[in-house]
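Participant: One structure, as structure tokens, below. Some questions next.
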């Protein structure tokens, strides 16, 4: 919807007489939802239907589906193209380093984006396209190169390059896209809908991962598609690309964004409201003296030009590298502590997940991946790896179930209880797996991985939303306009998501050496130790808003 100057002035509140007549004819029950202006001085986005929140969560389903496909196939793909072992660490380090450096930049850029389509969706679409490109390259790299190059040595070299490039692009975009998705949710939803939306995100993340692991576990080579396409990798790419395109399209069409240039308080409210008589509630708020910010609805009718000038001035504020560094360096202590706790959580979670199938094969099943491929030791290892994939599937299903239970538990134990329980159960579960490596107990304890996964995808972002809400309330009390000179949601979500890349960098540098020295058993023990340290940090250092 385009808001012209004429339509804006035409949509201003009616005269007091007309407003009073409308107010008198409206029941008290109907008037409650019409108070679309918070006491913070900022307009509250209207409540979203459950269907819209589900549509918004489909991006997480598609992303996690593709993640699961990568987890199942990227190692076989890299082995099939002949990637040297000394380049493995390079593949896994390039993407998180790029993400750690660039994520805050793009997050801050999205806060200042003036695209008519909205602030977040252009970035989500761009990152989605990069995900598809990366997935196409690493699953089809050898086929693409074979179609253009005939010489075998050159084919091998270019297949390695293309496959590595695809893995880096996919990991970079898949990790990156989470920040804009969360910021998009925060921009267009009320505080209650943010809570629901985060729970739906966790639910569909688990479902997408479970379906992705099941898709990877099937033998597609014996199906019609397997015979029609060149290899099983092309079949998997077909399904993954189809699922992701559908999910991304549904997500982008879920909830419209208000462009930044219309996102001053008056314009945002008028875009949200559809019935003319609801505008009377603005005038009633003005008469009661509730709106106190410098260029608020009090002066909107009398001095629209002044508001327009203020809005244009705000628009002209451009992001510079200096302003970005200042924003990150001046991050309040409670934001910084939240980022550190998130780093502990992801270090623990990833150190377990990255080597879990290898742990099942070597420690639980006592197999050997370096034995001859026709030997009993290697076949035993392969059986353990397959059982590890089923454990990861249990983790994904448990994540979906727990995301629903979180809504039930939240009123009783609060965010602090949810955060603490997630880290504690994961730390105890991985510790028991390391001490007592049994097939059935390990599979049962995999459900606790899902508790941690759901916690990491919901609670930290929920806390970010409560911090922003508290800051808006404080600004009103100080007589400032809500959102003026405030921290952008995009850069805060990006800073939080950066901890995932930092955890990958730390693990890529240090954990590989530990595994080489002490074996896969060290991964679950280290995951348990880090999770329990994070548990103490969550309990004593992270700030919670009542």
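Along the chain as shown, residues are numbered 1 onward.
Note: Cβ is positioned from N, Cα and C throughout, glycine not excepted.
TrEMBL does not curate its annotations; it predicts them automatically.
Dumping what TrEMBL says about this protein:
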COMPBIAS  19-33  compositional bias 'Basic and acidic residues'
REGION    1-38  region 'Disordered'
TRANSMEM  65-83  transmembrane segment
TRANSMEM  89-110  transmembrane segment
TRANSMEM  122-139  transmembrane segment
TRANSMEM  159-177  transmembrane segment
TRANSMEM  198-215  transmembrane segment
TRANSMEM  235-255  transmembrane segment
TRANSMEM  343-365  transmembrane segment
TRANSMEM  385-405  transmembrane segment
TRANSMEM  417-436  transmembrane segment
TRANSMEM  442-465  transmembrane segment
TRANSMEM  493-515  transmembrane segment
TRANSMEM  521-545  transmembrane segment
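Context for these features, please: burial, neighbours, distances.
Facilitator: Long-range neighbours of the transmembrane segment (65-83) within the same chain, counting only residues 6 or more positions beyond its ends whose Cβ lies under 8 Å from a Cβ of the stretch, are 91, 131, 135, 138-139, 141-142, 156, 159-160, 163-164, 167, 170-171, 174, 208-213, 215-217, 233, 236, 240, 243-244, 247, 389, 392, 396.
Same-chain residues lying 6 or more positions outside the transmembrane segment (122-139) and placing a CB less than 8 Å from one of its CB atoms are 59, 63, 66, 69-70, 73-74, 77, 106, 109-110, 113, 115, 162-163, 165-174, 176-177, 180-181, 184, 233-234, 236-237, 240-241, 244-245, 248, 251-252.
With a cut-off of 8 Å between Cβ atoms, the residues of this chain six or more beyond the transmembrane segment (159-177) that come close are 59, 63, 66-67, 70, 74, 77-78, 81-83, 87, 90-92, 94-96, 98-99, 102-103, 106, 124, 127-128, 130-131, 133-139, 141-142, 144-146, 497, 500-501.
Only residues 6 or more beyond the boundaries of the transmembrane segment (343-365), in the same chain, are considered here, and those with a CB under 8 A from a CB of the stretch are 380-385, 387-389, 391-392, 395, 422-423, 426-427, 430, 437-439, 442, 449, 452-453, 455-456, 460, 499-500, 502-504, 506-507, 511, 515, 519-521, 523-524, 526-528, 530-531, 533-534, 537.
Counting residues 6+ beyond its ends, the transmembrane segment (385-405) has Cβ neighbours under 8 Å at 64, 68, 71-72, 199-210, 212-214, 216-217, 353, 356-361, 364-365, 439, 442-443, 446-451, 453-455, 457-458 in the same chain.
Away from its own ends, the transmembrane segment (417-436) comes close to residues 341, 344-345, 348-349, 352, 406, 409-410, 442, 445, 448-449, 451-452, 454-456, 458-460, 521, 524-525, 527-529, 531-532, 534-535, 538-539, 542 of its chain (Cβ-Cβ under 8 Å, at least six residues beyond either end).
Tertiary proximity for the transmembrane segment (442-465) is limited to same-chain residues at least six positions away from its ends with a CB under 8 Å from its CB atoms, namely 60, 182, 186, 191, 194-195, 198-199, 201-202, 205-206, 335, 338, 341-342, 345-346, 348-349, 352-353, 360, 364, 387, 390-392, 394-403, 406, 415, 418-419, 421-423, 425-426, 428-430, 432-433, 489, 492-493, 496, 531, 542, 544-545.
Within the chain carrying the transmembrane segment (521-545), a Cβ under 8 angstroms from the stretch's Cβ atoms is held by residues 334, 337-338, 340-341, 344-345, 347-349, 351-352, 354-356, 359, 363, 414-416, 419-420, 423-424, 426-431, 433-434, 437, 452, 463, 466-467, 469-470, 511, 514-515, all 6 or more beyond its ends.
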Participant: With pairs 6 or more apart in sequence, are the transmembrane segment (89-110) and the transmembrane segment (235-255) linked by at least 3 Cβ pairs under 8 Å?
Facilitator: no
Participant: Same chain, outside the transmembrane segment (235-255) by at least 6, Cβ under 8 Å from its Cβ: which residues?
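Facilitator: Residues packing against the transmembrane segment (235-255) from afar: 48, 52-53, 55-59, 61-63, 65-66, 69, 73, 121, 124-125, 128, 131-132, 135-136, 139-140, 181, 184, 188-189, 208, 212, 215-216, 220-221, 223, 225-226, 229.
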